[in-house]
Amino acid sequence: MKAFCVAVLLLWGLTLPSLADVSMPSCAANCLETFLPQSACNATDNACICSDVTLMGEVQNCSLAACTTLEALTALNATKTLCGEPVRDITMITPLVTAISGALAIVAVAMRLVDSLARDSLLHWSNFCVVLSLACSVVIGGLEFPMSTYGFGKDVWTIPHDKITRIIMFTWLTEILYMVAQGLTKVAMLLLYLKVFPSQTFRRTCFVMVAICLAYIPAMGLATIFNCTPVSYNWTAWTGETKGHCFSFNKFAWAQSSINIVLDLIIILLPIPQLWKLNMGRKKRIQLVLMFSVGLFITVVSVVRLSALVKFATTTNATYDNVPTAYWSVLELFVTIICCCLPAVRSLLIRAFPSCFGSTGDSKNTPPPYMTPKSPRYKLSGGIQKSVTNTITFGPSSGDGGSHNSDIELVDDRWHDRD
């Protein structure tokens, strides 16, 4: 971890009256004392010394070998201050992304639960998974706020050492919860598919995917928890003052992100053929396919997050460079939850605005066409199930010039016959 504590300078700074209050570790001072005479800069020429790349490189290599991590950070902070470099602060980005996306996710889950209550399916397992995933995501988002107050979003050398430890510990906690929330949203989406589509072949595929996702949660979670031995070494290793052992977290993060993207693509594309078979108008069929395909945005976010991990893998300034990874991770979780709730959101919008989102007629009696109705089913010979096709006819309301019908076939019998 010492590598992220770069160049340590400025013995010359200690001689300037304006720098009397600056604390410079002796190891850094000794390094500069060794290499400063080889520079063309005068010892009091701050601008020249700060811009001397060769001098900085030599002092950097020396200080990395001579100083501890904590000493290097202290020296680097003094160096940046003496060279007049601006203080960078992006601490508010992650909390802002968290607040906006989290609020939208909470609203979406609330609408989902209201719709489930109206359908007498509030206790369905998919709702349980979504609510638990939201709880984990809210905790993750909540941890981003104290992390920002500790300095997450600032250069590492400007942050007090004890707060760096807290930031790393909170980051470790968010990584564990991230694995749990991510897996639960995948399971919730698959359970929705099982509730909607009756095709036995499709359902068997969904059950296999559910098993994979359920295995994904403890596998990734435990790998994150025990990445280092002892566990506390996850957030104390950076100081260089504790003993322990860690596996390569960067390799693990790459593997986890790659598996996540593959699972997302499978889950997103899985229902598209089934949706295209629905016995409804082309316009509504396209609307439903697009609604489920919004999940492709999740994959895009996952890819962007993976690209952020590339920089994180080689960063020497983790508290600043890791900010994009943090807010893309939070955004990915909340957007995934919103996608899980889109069918229920559409259902409520149909009831509230039938002319815009649904069929004509009494919206209270119009079930969304993607939902499988609780219609009677009869066993036929040969073990074939037959679902009754429900046709809902709406008569004219007062003031209408004539009658109009809206016929909706809620279940396509071909699914049962083919399987």
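For all residues, glycine too, the Cβ spot is worked out from N, Cα and C.
Here C62 is paired by TrEMBL through a disulfide bond, and of C27, C31, C83 its partner is C31.
TrEMBL records a disulfide bond between C50 and C83, which is the match among C5, C27, C67, C83. TrEMBL lists a disulfide bond between C41 and one candidate from C27, C48; that candidate is C48. Considering only the disulfide-bonded residues C41, C50, C67, C83, C31 (disulfide bond) has C67 as its nearest partner by CA-CA distance.
Between the transmembrane segment (122-143) and the transmembrane segment (253-276) there are fewer than 3 Cβ pairs closer than 8 Å, counting only residues 6 or more apart in sequence, so the two stretches are not in contact. No contact links the transmembrane segment (90-110) to the transmembrane segment (253-276), because fewer than 3 Cβ pairs that are 6 or more residues apart lie under 8 A. Looking only at the disulfide-bonded residues C41, C48, C62, the densest Cβ neighbourhood within 10 Å occurs at C62.
Note on proximity: among C27, D45, C48, C83, the recorded positions of the record, the Cα nearest C62 (disulfide bond) is that of C27. Residues 124-127, 129-130, 132-134, 136-137, 139-140, 202-203, 206-207, 209-210, 213-214, 216-217, 220-221, 224-225, 256, 260, 263-264, 267, 270-271, 295, 329, 332-333, 336-337, 339-340, 343 of the same chain lie 6 or more positions beyond the ends of the transmembrane segment (176-194) yet place their CB under 8 Å from a CB of it.
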